[in-house]
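Feature annotations, reproduced from TrEMBL:
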DOMAIN    45-130  domain 'Cytochrome c'
BINDING   C59, H63, M108  heme c binding site
Amino acid sequence: MRQLIFPLFISIVLTGLGTFPSVKNGLAVGVNDIVAGSIADTTANLASEAKQLIASNDCRACHTMQTRAIGPAYKAIAEKYKDDRSASERLANKIIMGGKGVWGESSMSAHPGLSIPEATLIVNYILSLSADKDSAN
Ligand code: HEC
């Protein structure tokens, strides 16, 4: 009996060892893909929400993506604050309150109708823009 059970035990262990890494790798790839996929989806959703907010406010009257108008281009804003970790909160407040003096003497009007989370969403989108991205303004 022992002579039978022992090889059986060994072969089960070997089979287990043999399949385990591939199962594990398979799972790891699957989970990573799902996580990466949902992060990409979330980022895309946030960007499109931000674009809708920009479109439904008056931002376009003074800002464009690439070139300075009454206000600075979004890409210039992204460039200016790319290493500034506190920028997002400050800029969100500035959009709501309005202001001038950082880019020149023209003023940005106040946007009291925007909530802090909405303004932050817009700012994070603007700050995510880099020279090679060409999304619509
Ligand atoms: C009446 C014109 C006008 C409108 C409308 C406007 N802006 Fe501005 N915006 C400006 C000007 C001018 C500046 C530069 C202000 C300064 O020099 O401090 C500016 C600056 C900014 C900045 C950078 C602020 C800083 O301190 O660097 C952001 C971000 C911004 N605007 C986003 C927006 C968004 C989003 C909207 C729409 C909700 C909007 N703006 C609407 C004129 C405008």
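Each position is counted from 1, following the chain as shown.
Backbone N, Cα and C atoms are what each Cβ position is placed from, and that goes for glycine too.
This view paints the features noted in TrEMBL onto the structure.
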residue : record              : Cβ within 10 Å
C59     : heme c binding site : 19
H63     : heme c binding site : 21
M108    : heme c binding site : 19
Neighbours of C59, H63, M108 excl. site residues, C-beta within 8 Å of centre, heme c:
D58, R60, A61, C62, I70, G71, I95
Give the helix, strand or coil assignment DSSP yields for M108 (heme c binding site).
strand
Model confidence over the domain 'Cytochrome c' (45-130), averaged pLDDT:
96
Going by DSSP assignments with H, G and I as helix and E and B as strand, what are the residue counts for the domain 'Cytochrome c' (45-130)?
46 helix, 2 strand, 38 coil
